[in-house]
Amino acid sequence: MSLTEEIKKRRTFAIIAHPDAGKTTLTEKLLLFGGAIQTAGAVKSNKIDTATKSDWMEIEKQRGISVATSVMGFEYKDIKINLLDTPGHQDFAEDTYRTLTAVDSVIMVIDCVKGVEIQTEKLMEVCRMRNTPVICFINKLDREGRDPYDLLDEVEEKLNIKVRPLSWPIGMGKGFKGVYNLYEKKLNLFTPSQRKLSDDRQVFENLDDPELDSLIGPNNANQLREDVDLIEGVYPEFDVNDYLEGKIAPVFFGSAVNNFGVNEMLDTFIKIAPGPKSRETDLREVKPEEKKFSGFVFKIHANMDPNHRNRIAFLRICSGTFERNKPYNHVRGPKPLRFSNVTQFMAQDKEIIDEAFPGDIVGLYDTGNLKIGDTLTEGENMVFTGIPSFSPEIFREVINKDAMKTKQLEKGLKQLMEEGVAQLFTFEMGQRKVVGTVGQLQFEVIQFRLKNEYNATVEFHPMNLYKACWISSADKKQLDEFVRSKNRYIARDKDDKLVFMAESKSWLQMVQDNYPEIEFHFTSEF
Ligand code: GDP
């Protein structure tokens, strides 16, 4: 197969959702359709049970599960689908943000009872930064949920994206009868079943057909006719280009656990979802069809066993053909790297492969050369952009409890930060080290891993910080002056970039007002 054909065949995406909306269940059904698994229950949730969430054994288990399901590849109707898993626990949100840089589109699951939840809003913001196309799946229609019109309004309002229903529910909860596919004008009747794989669908070009009344009852039939009239009147015709530009989200209704509405969404997904897209580097845009290979590392998974400090780096291939054992330019590093152990993930199996194509994700065994955001190329010294760090939400000062192990601590911190476990900021004054995370859990992970893998003992002391803002200015003198006058609050990030550590929202606002020439950024890339 030619490179162009390989590219055309691929769809790389992630499912995002607030915990409990049904991401794991939907993932499993998609894998069933793809023939990648045979039985329901084969996909383990990557959630950490809240009751045991401060137990590091649980964290380790979670890490074990998440590597197995990090990428799930399967074929469906001749399309090679790469589904990237995102951590279910919100403390690992930063991991999810980075995973979203490696996909070309997302499916967003929303619980019809709870509507749009907070984690969904945050994830949508990240999608918007890159105009990632979004398909919405409104789940759990077998339960008494909210009114579908209200749900659509809420999605538009809270997620700040226009919607276009492509299917419409008939009843809900106990009275749930099925969905009408507005795109294909087909009726799909609901029978609760966790096993059923294909849906029998009835085509209704004309909803006035009296057959509809006998199938779903005259009340439901009339309601559906009214709804469809209204929707077709209110919402403009679905334009796939608007979806591809991230301007409009097509919406499907269904019930993942009953495998209802999933097949329809998947069929539409493979028709409309984008294949591997061009990507920006600091020098130029890279097209997937380019002959020469390029890619970037978006995730690193370390081995918890201190005797085997190897790790798996997840590489997204952006252009050309990636080949095993071929030396590639490690743009940030001192020497070319070659990989003999290249893994691809087909559902639950890992297999060693010889080549991979744009859109694919491969796992590279690494002994500590790679870090998150690294670019590999077949020569050119360019770096993929758009893999920013986000300002953390919780800050703690690192206190070394064993002065004899300072070197181990430094090394451990550096490596954990390279894996993206958390972010390290070093204050200019006094060189105090501050770890920033998006969740409590990471501090426990870091503390445990520093002890277990590096034999370093730390404590974390709370710090009264609101945000870390990367600062810049067109006027270098002003920036120098700012850094001088605010030196108690100035730190450096892992790349030595200047960061302003703001103590509170109101104070940050005041400083911003007082220094209009200084730009404050909440992500490391601007
Ligand atoms: P995740 O946290 O988003 O991965 O959510 P899960 O897939 O683990 O689902 C959370 C819970 O919702 C589980 O108990 C599922 O069985 C249940 N669930 C998923 N889909 C449906 C559905 O369509 N209807 C109902 N009633 N429950 C569902």
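Cβ from N, Cα, C; glycine included.
Over in TrEMBL, the protein carries these features:
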- ASP85, THR86, PRO87, GLY88, HIS89, ASN139, LYS140, LEU141, ASP142: GTP binding site (BINDING)
- 8-277: domain 'Tr-type G' (DOMAIN)
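Just so you know, the Cβ of LYS140 (GTP binding site) picks up 26 other Cβ atoms within 10 Å once every protein chain is counted. Among the binding-site residues ASP85, ASP142, the residue whose Cβ has the fewest other Cβ atoms within 10 Å is ASP142. For ligand 1, the neighbouring binding-site residues among ASP85, PRO87, ASP142 are ASP142, by Cβ distance under 6 Å. In this structure, LYS140 (GTP binding site) belongs to neither helix nor strand by DSSP; it is coil.
All protein chains considered, the CB of PRO87 (GTP binding site) has 20 other CB atoms within 10 Å.
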